[in-house]
Structures are given as C-alpha cells and as structure tokens.
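As recorded in Swiss-Prot, the features of this protein are as follows:
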type     : residues                                                                                         : note
ACT_SITE : His359                                                                                           : active site, proton acceptor
BINDING  : 6-9, Lys20, Gln71, 76-77, 98-100, Gly135, Glu150, Asn165, Asn223, Arg329, Lys347, Tyr362, Asn373 : UDP-N-acetyl-alpha-D-glucosamine binding site
BINDING  : Asp100, Asn223                                                                                   : Mg(2+) binding site
REGION   : 1-225                                                                                            : region 'Pyrophosphorylase'
REGION   : 226-246                                                                                          : region 'Linker'
Amino acid sequence: MNIVILAAGTGKRMRSALPKVLHPLAGRPLLSHVIATARTLQPSRLVVVVGHGAEQVQAAVAAPDVQFAVQAEQLGTGHAVRQALPLLDPAQPTLVLYGDVPLTRATTLKRLVDAAHDGRYGILTVTLDDPTGYGRIVRDAAGFVTRIVEQKDASPEQLKIAEINTGIIVTPTAQLSMWLGALKNENAQGEYYLTDVVELAIEAGFEIVTTQPDDDWETLGVNSKAQLAELERIHQRNVADALLVEGVTLADPARVDVRGTLRCGRDVSIDVNCVFEGDVTLADDVTVGPNCVIRNASIGAGTRIDAFTHIDGAQLGANTVIGPYARLRPGAQLADEAHVGNFVEVKNAVIGHGSKANHLTYIGDADIGARVNIGAGTITCNYDGANKFRTVIEDDVFVGSDTQLVAPVRVGRGVTIAAGTTVWKDVAEGTLALNEKTQTAKSGYVRPVKKKS
C-alpha cells in the first residue's frame, strides 16, 4: 500500500511563521503524529507532500522510510496528490491522509483500507450533528454514494444531509493518475479538488465504499490555534483515560499532560498539574506530587516526588525521596533510598545508597558514595570558566553546612567536614577537615543608625 500525507498548506489562520504541520501537539509536530499512525499500517511507500516551509518540514520529519514530493504552487488537494504520483507503486492502492489531522486511529484507517479491497474506492465519512461547512455525501435510494457536494453548491435538501466527507480516501493508484489528470479547476479558488475524483470513479464504474471512525474527533483538523488547543485537550484526556484503565491514580484526569511516552507500574499516583515529556518510566508505588515536570527519566519503585520538582534526564533508584522544589538535571543518578530535598540541584552526578542532600545545595559533576550527609548550602565548585572538574566523596562522609568543594578534589571515606569549610585539597580517610578561623567578640561596639530625614 502507498500512503500519501498532504502537508503543503500555508496555515494562514495559525498566524505563525512556523509551518502549520509543525505546530506541536503533545510535544510532537502534528505531522509526526500522522506519520507515526501511517507507519503502523506498514506501507510500501510513504510520501509526504510539502510546499510552504518545505525545507523546514523535511528537516523536522526526515527518515529513511519517508519520501518527499514538492507542491511548489498551492493549487488544491488534487494537484498536491498529483505531485506524489511518480513516487507511488501503481500496482498498490493509495491511502491519502492529512498532516493537520493528527488523531485518526490506526484501527479506523485499517477498517477503511480493508473495505476498499480489490480495487474499490474508499471514503472515510463521519455523521455530525452540525455538518455546516463540510462536503455532504450524497447517496441514491439504494444507499450507494453518487457524489460529494460542497456546502456552497448544495441544494436545500442536500444541506440536510448529516454525513460528511473527511477527505481521507483509499483509491486504486493506476486509475488515480488518470482521474487526477482529468480534474478541472473551474471553481472560485481556481484549485483542483481531490473530492472531484469521486464522480470520475463513479463514472468509470468503480464501487464506492465508506466507513466511519469510532469517534468524531478522529477526523478533526487544525486550522487555528483554538482548534489546536481543542485537539490537545482531546488527546490528553485520551491519554489520561488510558492511564486510568491501567490502574494509575490521577488526582484530576483533566490536569495531567503527557508529551511523549509514560510507562507506569502498579499503584502509581500522580497529583495535579504534572507534565511528562519524552520517555518517562514510573515503577511500582511511585507517588508524584503536584506541579512536577519529569522529562526523559526513569523513577524507581517506591519513590516519592514532592511538589514543584523538575527532573530531566535522570535515573532514580528505589525508595528515593525528591523535593519539594528540587531539580535533577541530565546525568543525575540516584541510588536506592537517596534523598534530594528542597532547593537542591543535581547535575551529572552520582549519589550513592542512602545519601542525603536535603536543603539548598548544588551538586555538579560529582561522585558521592553511600550514607553521605550533605549539609545545607554545600556547593561543588566544578567550573573554572572553561573546564568542568569532578568532586569525589567516598562512603560515610559528613559534610557540614556552607561547605565549598573546589574540584578536582577527593574526600576519603568517613571524613567529617566542618561547617563553613572550603575544601581545595584531597582529604584523607577518617579525618576532620576544617579551615582554622578565629572568632573575636569586641566589646563597646555601636551599630550604625540611620539618620532620620
């Protein structure tokens, strides 16, 4: 089977410099959703017709299995499909999809393809309560499709028809070439419409078959930011419903966004206003508090993530405790039972089993062993303005508050570092590290007082 995806439109109503089909839905371009669905049908040829912003669109979705045809002039859907003909296998049927219709299920498309077997012409239709603006499917007394009539050309009787054309079709490819060549652009827009092919197929004696999607929203397209927002909410609610079926507890299914892939174990609980991006895995018994962002991360079983935590590119072991207001950046790796508390940032660092950094700390480019306590205000000074260096803290170290560790530096096993210490040399195992300081109390000191104006 050939699949052609039309993605050449300008999208003027989007009021954006970005090509319409590249606007994101759930974190991915609209066109990427359509291509992903198309791939599930295993086409022998997958062709995307580009036009407006062609180079940008091609760069965004380029892949070994995707070919591109260019529609240099915007002369209608029929003209667009004609540009793809040289790339199609004429012996196989062609399914035509749209790059701005991202939510059509693969099962819906397969049902249409199956119905159009043996050279039939298939149309995906939908019945709407309000079909205003759409082309109507006209049938004869026996129920056979005779034509598609556009809203502006419909008679009062035809305007009562609720079944409309979605534009998604399956057609014999060899005949399609002939039909497209016969199209005329005698309309107000001066364009060649793919819908006009239906009458040519009927005249040629081809049987027209129709199928419908399970849900009307599967055929909704995007022509404005308002429509994009509407489809985003439909998609996110579908994702939330699927999570609920899997046994995930959602505090409010309307207030969780998944912009990628979210895999959840048993008894996972997610509070409100959480966003999951990229590839995220939550193991059994993970609890995610409100207002968290988790991107490209693996979260171990029994972990608790408190409110307003941001996790990006991190790997967490089992029974860790994160947040509130913590930030784990790419390369952060936490072993089982590690704690990272409020206003702690971890980047490209390993934190060992049972180690804790509970408050106001920066840990970057570091290797921290097991059972280490990192006091409040500790900083690994890892950057000299040009190069990054690592800090190594071995097992059972106690780091006092307001400590600066100037990398590269190694702190041996069982070391205690006194509060307020700057460590710039390696510290031997089992010792106390401190900076000698003198504290003086001066009597008779008078604090300055502001003069009153």
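Glycine is treated like the rest: Cβ placed from N, Cα and C.
Within 10 Å of the C-beta atom of Gly76 (UDP-N-acetyl-alpha-D-glucosamine binding site) sit 21 other C-beta atoms, taking all shown protein chains into account.
Regional average pLDDT for the region 'Linker' (226-246) in the model is 98. When each of the binding-site residues Asp100, Glu150 is scored by how many other Cβ atoms sit within 10 Å of its Cβ, Glu150 comes out lowest.
Arg329 (UDP-N-acetyl-alpha-D-glucosamine binding site) falls outside any helix or strand according to DSSP and counts as coil. Across the fold, the C-alpha of Gly99 (UDP-N-acetyl-alpha-D-glucosamine binding site) and the C-alpha of His359 (active site, proton acceptor) stand 48 Å from each other.
Of all the binding-site residues listed here (Gly9, Gly99), it is Gly9 whose C-beta has the fewest other C-beta atoms within 10 angstroms. Within the region 'Linker' (226-246), the DSSP-based counts of helix, strand and coil residues read 20 helix, 0 strand, 1 coil. Listed in sequence order, the residues of the same chain lying 6 or more apart from Asn223 (Mg(2+) binding site) and placing their CB within less than 8 Å of its CB are Gly11, Arg13, Met14, Lys20, Asp100.
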